Ligand code: UT7
């Protein structure tokens, strides 16, 4: 399986760190030094669906395909446009595709979960081309009075179309149950027979716990996919990592003993866009011409669950 095309979309509204200081006890200096984030994009006129649509259409154009060429749509989102139907079904209508479509939620690791899920369909020929679109609006999940979370996230969508070819060399997914580290509860509804309901809640995160998990799991996952593919870390051209925190990227880089230029980053402009983060960065690299055929690209993401996912692919 290989990647045939990529696309991405960000909301128009930029929110700088300085703007956040108007209503939060925080500072540009704290956010920059602790996370590497200078600004993020936040939904205003857009929706999760409109971002998904834009990123998907760009990926189709990049791949030179039409919506009718797509055999399956997988949307990764932590909070889709609607509870039901899935955002993937709505996206299908927006782009005019006629194929099975469904959402998956593996939090920030969603892109890697979707890639892994797509591979047997492509390898077996059951599907020729699969659209994977990661569309996230964590601004809808955040408590905008909680400085420990809302400063970290941004909204956006990233998409990739996969099809047959020599490309994906290895994948690895992990999951360990951990409710306390990162969670947000749904509205429990108004069932009069249920006495004890957990109320809906905003995103809660135990930052340092997730930080430690991220560094250890991302380093281990990247080593594992390289080993599974029989590739030395030094041979890998780019490490495209989930943009959660610049210090996490730096800690993983140091553990792997790799140079800075192999770790591209857009976190300063986007913040943490959850599962959209890896495909947005991949699309930016693709469009900038940084990716040339034959390059080895390792990807890694981690998030609520706790989940993690990694992949090694040869750019085709
Ligand atoms: O995509 C999902 C994966 N998520 C992640 O990977 C996030 C992983 N975690 C992190 O990136 C970091 O843990 C954070 C950026 C969330 C926090 O950085 P930290 O260095 O771990 O800070 P901390 O939580 O230990 O907090 C240090 C101090 C605290 O004050 P006291 O108790 O020392 O007085 C916090 O209250 O910083 C305070 N603080 C802030 N101060 C100014 C927390 N948030 C802010 C803020 N502005 N926005």
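The backbone N, Cα and C atoms fix where each Cβ goes, and this holds for glycine too.
Sequence-distant neighbours of residue 108 (active site) (same chain, 6+ apart, CB under 8 A from its CB) are 242, 244, 272, 274, 275, 277, 301, 302, 303, 304, 307. Here TrEMBL flags 108 (among others) as active site.
In the three-state DSSP classification, residue 242 (active site) falls within coil. The Cβ of residue 242 (active site) has 30 other Cβ atoms within 10 Å, all protein chains considered. Here TrEMBL flags 242 (among others) as active site.
Under the three-state DSSP scheme, residue 272 (active site) falls in the strand class. Annotation source TrEMBL lists active site at 272 (among others).
The domain 'Beta-ketoacyl-[acyl-carrier-protein] synthase III N-terminal' annotation in TrEMBL covers 102-173.
Look at TrEMBL and you will find 227-315 tagged as domain 'Beta-ketoacyl-[acyl-carrier-protein] synthase III C-terminal'.
Cβ atoms under 8 Å from those of the region 'ACP-binding' (243-247) belong to residues 34-37, 108, 152, 211, 214, 265-268, 270-273, 277, 281, 302-303 of the same chain, restricted to positions at least 6 beyond its ends. If you look up TrEMBL, you'll see 243-247 marked as region 'ACP-binding'.
Within the chain, the transmembrane segment (290-313) has long-range Cβ neighbours (under 8 A, six or more residues past its boundaries) at 2-3, 78, 106-113, 115-116, 167-178, 181-183, 210, 213-214, 217-218, 221-222, 224-226, 228-229, 231, 235-242, 244, 252, 264, 274-275, 277-278, 282. Among the features that TrEMBL reports, transmembrane segment is placed at 290-313.
For the domain 'Beta-ketoacyl-[acyl-carrier-protein] synthase III N-terminal' (102-173), the DSSP counts in helix, strand and coil order read 18 helix, 30 strand, 24 coil. Counted within 10 Å of its Cβ, the other Cβ atoms near residue 272 (active site) come to 24, all protein chains included.
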